[in-house]
Amino acid sequence: MSEDIYQNLKQLGGETRIPASPEEAELERVANPQADVAYNVRFTAPEFTSLCPMTGQPDFAHLVIDYVPGPWLVESKSLKLFLTSFRNHGAFHEDCTISIARRLVDFLDPQWLRIGGYWYPRGGIPIDVFWQSGTIPEGVWIPDQGVPPYRGRG
């Protein structure tokens, strides 16, 4: 495999800072060297954090992102920094979850992408947000996201 696909990466292997906002965060991508194969890639962020836009209090979620790559793969450090940039970003759970998915779809042009946002309770109610870009490509194994429904201490 040629190292040329990595030459434009600016964040991996270097010193980086956490972006101040999702808008400032720079996602990076590399050409998919297995673009002729349909396969699933999963990223799990069990400690995702954002802020309530009304109270400024922290909100926490377990995010699971599955995608079937097209021509591009997301570079994982840039994804981590993008997700971390939400820690000082005020938005409702639904907006955070869908904004992440749409940004990835626009940037990567995947064959398919889905996101599950499993938000921990605020005010006693957990909010789960699910979205996918279309029908799962035929022949691709997409495992269950593996996040059980919230049960509290029960």
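Glycine too: its Cβ is placed from the backbone N, Cα and C atoms.
Residues or ranges marked as active site, thioimide intermediate in Swiss-Prot (evidence: sequence analysis): CYS52. In the three-state DSSP scheme, CYS52 (active site, thioimide intermediate) is classed as coil. Annotation for CYS52 (active site, thioimide intermediate): same-chain Cβ neighbours under 8 Å, separated by at least 6 residues, are PRO58, ASP59, GLY90, PHE92, ARG122.
Under the three-state DSSP scheme, ASP59 (active site, proton donor) falls in the strand class. Counted within 10 Å of its Cβ, the other Cβ atoms near ASP59 (active site, proton donor) come to 22, all protein chains included. Per Swiss-Prot, the feature active site, proton donor maps to ASP59.
The substrate binding site annotation in Swiss-Prot covers VAL74, GLU75, SER76, HIS93, GLU94. A simple way to gauge crowding: the CB of GLU75 (substrate binding site) has 19 other CB atoms within 10 angstroms, across all the protein chains here.
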Record lists VAL74, GLU75, SER76, HIS93, GLU94 as binding substrate; longest Cα-Cα distance in Å?
25
Give the sequence-ordered list of residues that share a chain with VAL74 (substrate binding site), lie 6 or more positions from it, and have CB atoms under 8 Å from its CB.
LEU27, GLU28, ARG29, TYR67, LEU104, PHE107, LEU108
Counting across all protein chains, other CB atoms within 10 angstroms of the CB of SER76 (substrate binding site) number 12
Ranking the binding-site residues HIS93, GLU94 by other Cβ atoms within 10 Å, which is at the bottom?
GLU94
Translate the DSSP assignment of SER76 (substrate binding site) into the three-state scheme.
helix
